Amino acid sequence: MKRIAVLTSGGDAPGMNAAVRAVVEQGIHHGLEVYGVYYGYRGLVEGDFRLLTLSDVHHNIRRGGTMLYSARYPEFKHKEYQEKAISQLEKFGIDALVVIGGDGSFAGALSLSKLGFPAVGIPGTIDNDIPGTEYTIGFDSAVSVALDAIDKISDTAASHNRTFVVEVMGRHAGDIAIWAGVAAGADAIIIPEEEFLIEDVVRRTEAGRSAGKDYSLVVLAEGAMDVDNFVEQFQVLAPDQSVRGVTLSHIQRGGTPTARDRVFATLMGARSVDLLIEGQKAIYLGVREEQLTVFDIVETLEKTEHQVRQDLFQLNQKLTDRGN
Ligand code: F6P
């Protein structure tokens, strides 16, 4: 093996740059040339490849976003685009590819592997929603940004004895809501994986006030319900409460990656290169019980579903069920 390439695809996530940097450092350490593919799968099809050196990547370990840029590129589902990508890779003499992204990006890596081109996936998405792995790069940073914002909102909420409903990202997964909600001591966490009644959320906030709380906080995952709709229905059921809704939106994707995201990104980036050199393909890296773990893309993506931390969710439900 002489040349490998790396791309980032889908929504950017803090820590992607740390993973790119580790791929480049480890590749160079093994005497390989490492190409960056710009703009994800679109760049792969269009041949937007640039040779990367240490000076291109070393500062980026501490930066959010992705230095390789990203794109949503649904066209890559089609075989003709995948074949075009492989001919671009062959034109550049590239022997293997590292794909950093979410489940859509992994589907692309799987297609390439099925067509015989070696590809290894690294999970990079703030949503933490990839089957098999308990953790994806960017999740820790996103939770930390969400929590910081929620703490600030809680200051003003308490000053006016208000109820705030804070909508966080996560697409179809409730992970960011659960972790930020537990860390903030939310009165209710609403996730798409669990049915909920707004009456029950009202009851929890009222019980909290009766028990002495001076504000109420609801953390709502975007995949469960739209925040404006939620606030409107909540207000009808609780006309005496002063309620506000906030959407945190894309600030959760930005900012400095946390130490945890940088460390796992570094571990995964370096290991992905080792695995490609060993001749592996159609696999991805993840974390299980804090250990770096290798997953088979076909087996895991096709047969497993992402699981949220039910234990954390249930704990919060229990702690905030104050009767009445
Ligand atoms: O997958 C990451 C994510 O930020 C989701 O949480 C969110 O639903 C989506 O991307 C937003 O996508 P876009 O930036 O394309 O609006």
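Backbone N, Cα and C atoms are what each Cβ position is placed from, and that goes for glycine too.
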Arg244, Arg260: which one does TrEMBL list with Thr125, Ile126, Asp127, Arg162, Met169, Gly170, Arg171, Glu222, His250, Ile251, Gln252, Arg253 for the substrate site?
Arg244
Going by the ATP site in TrEMBL, where Arg72, Tyr73, Gly102, Asp103, Gly104, Ser105 are listed, which of the candidates Gly11, Gly15, Gly27, Gly31 is also part of it?
Gly11
Across the record's ADP-binding residues Gly185, Ala186, Asp187, Lys213, Asp214, Tyr215, the largest CA-CA distance in angstrom?
13
Please give me the CB contact count at 10 A for Asp127 (active site, proton acceptor), counting all chains in the structure.
28
Between the Cα atoms of Asp127 (active site, proton acceptor) and Arg171 (substrate binding site), what distance do you get, rounded to the nearest Å?
7
Measuring C-alpha to C-alpha, could you say which of the binding-site residues Asp103, Asp187, Lys213, Tyr215 are within 10 Å of Ile251 (substrate binding site)?
none
